[in-house]
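A.B. asks: From TrEMBL, here are the annotated features:
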ACT_SITE  H190  active site, proton acceptor
BINDING   G14, A15, G16, G17, Q18, I19, G20, N108, Q115, V132, G133, N134  NAD(+) binding site
BINDING   R95, R101, N134, R165  substrate binding site
DOMAIN    10-148  domain 'Lactate/malate dehydrogenase N-terminal'
DOMAIN    159-325  domain 'Lactate/malate dehydrogenase C-terminal'
Amino acid sequence: MSTALSPITVTLTGAGGQIGYAAMFRIASGAMFGPEQPVALRLLEIPQGVKGAEGAALELVDGAFPLLASVDISTDPNEGFAGANVALLIGSRPRTAGMERADLLAANGAIFGPQGRAINDHAAADVRVLVVGNPANTNALIAQRNAPDVPADRFTAMTRLDHNRAVGLLAQHSGAAVSDIAGVTVWGNHSTTQYPDLSHATIAGAPAIEVVGEDWGRGAFVERVANRGAEIIEVRGGSSVASAASAAIDHVRDWTLGTGEAWTSVSRYSTGEYGIPEGLIASVPARAADGSWHVVEGLEIDAFSRERIDASVAELVAERDQVAELGLIPPS
Ligand SMILES: NC(=O)c1ccc[n+]([C@@H]2O[C@H](COP(=O)([O-])OP(=O)(O)OC[C@H]3O[C@@H](n4cnc5c(N)ncnc54)[C@H](O)[C@@H]3O)[C@@H](O)[C@H]2O)c1
Ligand SMILES: O=C(O)C[C@H](O)C(=O)O
C-alpha cells in the first residue's frame, strides 16, 4: 500500500534482545501508529548484540511489511538516535549474581547517561522517550537529566505492563471482560513497591473494590501484581517478553493517538502532583491528548493508598539520591 504520510522514525535499543525482537514486528505491522502510518526502524545495539539485530532485520525484510520504510542498524548512539521521533530504550544491564544495587545503577548510568545526551543532540525535536530497561524509572531519570534541551515530560518509563497486569488479573478474578474495567492506577516505581490501586476502578460501572472485596482488592491483588514479574520469571524461566513489548506499544500508541476519557498508568516527570516530589519519574494515572500526557488530578487518596504511594515514592527518592551520589545525574 502506498501512502502520502512520511515515516515516523522509531529507535529501539536492545534490538538484538528478546523484547526488541517481540516489539519490532508489531511496530512494523502498524500496531503502534495505526494502519496508514509508515515507520522507519533504527536498531541500536552494542557490538555483542548486533548479530541478533542483524538477524531480526533480515526477518523484517521477509515480513514484507507494507508500512516498513527502512531498517538501519547501529552501535553508535549518536547515529542510532539521529532524527528519532520515538525512542524505546529497552537495552540495559541486567543484575547478575553478587551485584549490589549501587553496581546495577552505576552500570546502567553508563548506558542511559550517554543515550540521554545522544537523544538531546541528535533526536528529532518532537522526540518521545519510553524507557523499558530496568531499573526503568531511574534509568529514565538519568536519561532525562542528561538531555537538558528536551522537554522533561518527553521522558517516560514503562509501568503500562503493571497496569495491564492489574487490569488483566482483575478481569480474570471477577469474570468481567477487560473492556468493562476502567479507572485502575499503578502508582510509584516499576518494582515490588508499586501500588496497583483499585480505589477509583470500576467493573461495568460498579466500584471494583465492592465487586471483589477489600480483602482481595487491597491484599492479594496488590501483592500479585507487584510480584508478577517474579512470577513470570519463575514459571517461564525468563522475564516477561511479549507482554512487555505489547505494553510498550500500548504506551506509545496512546501517547501518540490519545486515550480519550479512559486513563492508564504512566511513569512520567513529576511536577508535584499527589505530593510526589518534582523531577522524579513516577507512575501516576494519566490520559493522553494531542501528543502529551496529562495527569488525572483530584482523585481522593485515602490513608491506605497514601501509605503505599509514599513507600514506593520513597524508593524512587532513594534511587535518585544514589545516582546523584554516583555522579550519574547533574546536580539539580
Ligand atoms: N518496565 C518493564 O515493565 C519491563 C518488563 C520486562 C522487562 N524489562 C526490562 O527490559 C530489559 C530488556 O529485557 P530483554 O528481555 O529484552 O533483555 P535481553 O537481555 O534479551 O536484551 C537486552 C539487549 O540489550 C542490549 N543492550 C545492552 N546494553 C545496550 C546498550 N548500551 N545499547 C543498546 N543495546 C544494549 C543487549 O546486547 C541485549 O541484546 C531488561 O532490563 C528487563 O529487566 C522491563
Ligand atoms: O520483574 C522483572 O525483573 C522483569 C520485569 O521488570 C517485569 O516486570 O516483568
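Glycine too: its Cβ is placed from the backbone N, Cα and C atoms.
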A.B. asks: In whole Å, how far is N134 (substrate binding site) from G16 (NAD(+) binding site) when you measure between their Cα atoms?
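C.D. replies: Cα-Cα, rounded: 17 Å.
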A.B. asks: What's the CA to CA span in angstrom from Q115 (NAD(+) binding site) over to H190 (active site, proton acceptor)?
C.D. replies: 21
A.B. asks: Tell me the coarse DSSP state (helix, strand, coil) of R95 (substrate binding site).
C.D. replies: coil
A.B. asks: Which residues, sitting 6 or more apart from the residue listed as 'active site, proton acceptor' on the same chain, put a CB under 8 Å from its CB?
C.D. replies: N134, P135, A136, N137, A157, M158, T159, L161, D162, S267, S283
A.B. asks: Would you mind reading off the Cα separation of R165 (substrate binding site) from G133 (NAD(+) binding site), to the nearest angstrom?
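C.D. replies: For R165 (substrate binding site) versus G133 (NAD(+) binding site), the Cα atoms are 18 Å apart.
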A.B. asks: Would you mind listing, in sequence order, the residues at least six apart from Q18 (NAD(+) binding site) in the same chain with a Cβ closer than 8 Å to its Cβ?
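C.D. replies: Those within reach of Q18 (NAD(+) binding site), by Cβ under 8 Å and sequence separation of 6 or more, are G238, V241.
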A.B. asks: Work out the three-state DSSP category of G16 (NAD(+) binding site).
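C.D. replies: In the DSSP reduction, G16 (NAD(+) binding site) maps to coil.
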A.B. asks: Near ligand 1, which of the binding-site residues R95, R101, Q115, R165 have CB less than 6 Å from any of its atoms?
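C.D. replies: If the test is a Cβ under 6 Å from any atom of ligand 1, the answer is none.
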A.B. asks: Of all the binding-site residues given, namely G14, G20, G133, which is spatially nearest to R101 (substrate binding site) at the Cα level?
C.D. replies: G133
A.B. asks: Using a Cβ cut-off of under 6 Å to any atom of ligand 2, determine which of the binding-site residues G16, Q115, G133, N134, R165 qualify.
C.D. replies: N134
A.B. asks: If I take the Cα of R95 (substrate binding site) as reference, which of the binding-site residues G14, G20, G133 has the closest Cα?
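C.D. replies: With Cα distances computed to R95 (substrate binding site), the winner among G14, G20, G133 is G133.
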